Amino acid sequence: MHEMIFPCGLSRQRSSADNVPLPRLMVAMFHGLLATPDVSPATLERFAAGYGLPCLATPPDEGYWLAWREGVLGLESPHHGAVTADFVGGAARHRREFGGGAGQPVARAIGLKGSQRPQVVDATAGLGRDAFVMASLGCRVTLVERSPVAAALLDDALARARLDPATHEIAARMQLVFADAADWLAQQPAGSVDVVYLDPMFPDTGKSAAAKKEMQAFQVVVGDDLDADRLLLVARQVAGKRVVVKRPRLGALLTGEKPAGQQVGKSTRFDLYAPLPSASA
């Protein structure tokens, strides 16, 4: 038997006979939440309790941890800058103001046209970038995230966005659910949501362009979506209109099944799957 390291200091003994893929498999040590002067004890306790994260008095020498700096929660390490989720400034602001509106590829992929604003479940929320675009275009978006690290970053970003006059209406259309998406979707009635959006993370094959160190670190800590095929199946049982899978342009199809349609860009591809019959019955 060998020990698998999981987020929040949790571990599981796994035998070689246990061949069920482990979702979000971690390959790096995540330590917890660092107490800093930038966070109130009440906020620290809420995040620690809500996401099962241990509190740290001092930063570790190695590995990863979460900490607030100047009011922003970030994933830190001795080897790179902080990874944050942000819906107010930077790239989010630029995309909000100059991103192309309903003509953006993700908007077309989810079926946004005219006055139609589908209700969307982003079942692999990550840092919430695509979810924010959908919400900025008027959609109500449920962000489902099972990694406590990613969920904590999203929680902090949404709290800041709700306080900013430029983004508070957009953030009001975004709801965060900390749960395993496949399990959560399985509890929803068939056809209860218009669109399920998937952007699963996969192990780096070395064929894609190198990501920034910060984003590489985020993927290392959050882990890969090794159960993405199962998630697609459950999503098709729940979606009333379509399931959208975001993939690298040359990436393999999930489940190997040909989608009903595709939208292909320079570096990204959206595979469009019809609901399974029970979802629209």
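We count from 1, first residue shown onward.
In case you wondered, yes, glycine gets a Cβ from its N, Cα and C as well.
Here TrEMBL has Arg129, Asp130, Glu145, Arg146 binding S-adenosyl-L-methionine, and the candidate from Asp61, Asp194, Asp199, Asp224 in that same listed site is Asp199.
Look at the Cβ of each of the binding-site residues Arg129, Arg146 and count the other Cβ atoms within 10 Å; the largest number goes with Arg146. Shown in sequence order, Asp122, Thr124, Gly126, Asp130, Val245, Lys246 are the residues of the chain, 6+ apart in sequence, with a C-beta less than 8 angstroms from the C-beta of Asp199 (S-adenosyl-L-methionine binding site). Annotation note: Arg146 (S-adenosyl-L-methionine binding site) sits in a coil segment as assigned by DSSP.
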